[in-house]
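Beneath this line is the structure, given in structure tokens, with notes to follow.
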Amino acid sequence: MAWNTNLRWRLPLTCLLLQVIMVILFGVFVRYDPDADAHWIDERLGRNISSDMDNEFYYRYPSFQDVHVMIFVGFGFLMTFLQRYGFSSVGFNFLLAAFGIQWALLMQGWLHSFHSGYIVLGVENLINADFCVGSVCVAFGAVLGKVSPVQLLIMTLFQVTLFSVNEFILLNLLEVKDAGGSMTIHTFGAYFGLTVTWILYRPNLYQSKERQSSVYHSDLFAMIGTLFLWMYWPSFNSAVSHHGDAQHRAAINTYCSLAACVLTSVALSSALHKKGKLDMVHIQNATLAGGVAVGTAAEMMLMPYGSLIVGFICGIISTLGFVYLTPFLESRLRIQDTCGIHNLHGMPGIIGGIVGAVTAASANTQQYGQKGLAHAFDIDATKTTWTASMQGSFQAAGLFVSLAMALVGGLIVGVILKLPFWGQPADENCFEDAIYWEIPEDQKSLVSRSEDPTLRPTEP
């Protein structure tokens, strides 16, 4: 089997075909939300709204800006740590996110915002589409450097579809609370990506080992991504919460958890090195685990000290995962996790689901007040049998559903991506920008071996 990485026809045709389909589907199904439509003046009068500043745009757009930066800048630059894969890390993240948000607007729209035959599109839809793509960016981290852009587009197509179905099951059928997406975004995205990379296992990947590492400047670029993600994560976890106390509380809980996570990550990184030195991999990734783990319970009455405890624990677990678990997964289970998403998103996502279930199960009127409890968990007159323990049970069920959807979906998509005609690189040519990008002349001399697009992997 020839390893032909020439994408001259495959990539343009795939991009153009997908975009034409998006144009047609948007033309048929998508219309503006009343808050974005030119009839807003009449809508405002009908709803007795006195000012344009009460438009939903002004409540949600600041959070949308922050989330948007996280998806395109934060995730993109976080993955630039590979010394010869910076163009692809940022560029392919840009590509899959740009396609993913369009398909997510349609998939989530059909499931959540379909009225009178149309999807009504407002600023909250844009935030939710970014959330969906965030899950794809998480999965991208597992296969980084080992797949072609065509494979990434196909993976995005299927993952967005599966994400939207999983999200509908959790939020609409099980009615779980998951403001920051610990279960829907991080757990689903991580275990979907890990399953895909398990199916795409490369036995000769050691031949690219010298490129599967960082250099001084690539780690600095990755740290830029870390800082953007760390600063904006409170917006991420609070972006779609109810206005008022819930959104305020979600930002505070995330802020506290992230802060605690940094100190424990630094402590463990130093303690686990025989000379007490820090590892940039831990500082770039484990310091963010607190934001992941507090996501489900972000808008609940977790209390600031509870958020600090969550961040404290996740900093330890994530750092230990990078040191001990990632090598074990690769050597024993054949899971080649390029970015260590299991440590940043997988395990913290599961912890977040558990924390959310426990916090929901312990909710009471003393903590929330009668009206506050009803508002926090959307209890109305139809939910006469609702109890906190029941909510906790549904929260736990949501975690298992996310895991099941991720594993089954990852198996199916992994098999599809394993087909030989997607333009994937040979094992010895992984983690190399020159395969798919025109690179500066002064960098071409650094390529350690021939990048023949028909090159086959060397037999062991």
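Heads up, the Cβ atoms here are built off N, Cα and C, so glycines get one too.
Placement of Glu175 and His282 with respect to the membrane, taken from Swiss-Prot, is on opposing sides. When you go through Asn48, Asn285 in Swiss-Prot, the residue listed as N-linked glycosylation site is Asn48. If you count C-beta pairs under 8 angstroms between the transmembrane segment (126-145) and each of 152-174, 180-200, 252-272, 286-306, 308-328, the highest count goes to 180-200. Confidence over the topological domain 'Extracellular' (108-125), given as mean pLDDT on the 0 to 100 scale, stands at 94. Counting residue by residue with DSSP, the topological domain 'Cytoplasmic' (146-151) contains 3 helix, 0 strand, 3 coil. Most Cβ pairs under 8 A with the transmembrane segment (180-200) among the ranges 10-30, 62-82, 152-174, 252-272, 286-306 are made by 286-306. By the Cβ criterion (under 8 Å, sequence separation of 6 or more), the transmembrane segment (252-272) is not in contact with the transmembrane segment (10-30), since fewer than 3 such pairs are found. If you look at the transmembrane segment (62-82) against the transmembrane segment (220-240), you find at least three C-beta pairs under 8 angstroms, all six or more positions apart, and that counts as contact. A sphere of 10 angstroms centred on the C-beta of Asn48 (N-linked glycosylation site) encloses 6 other C-beta atoms.
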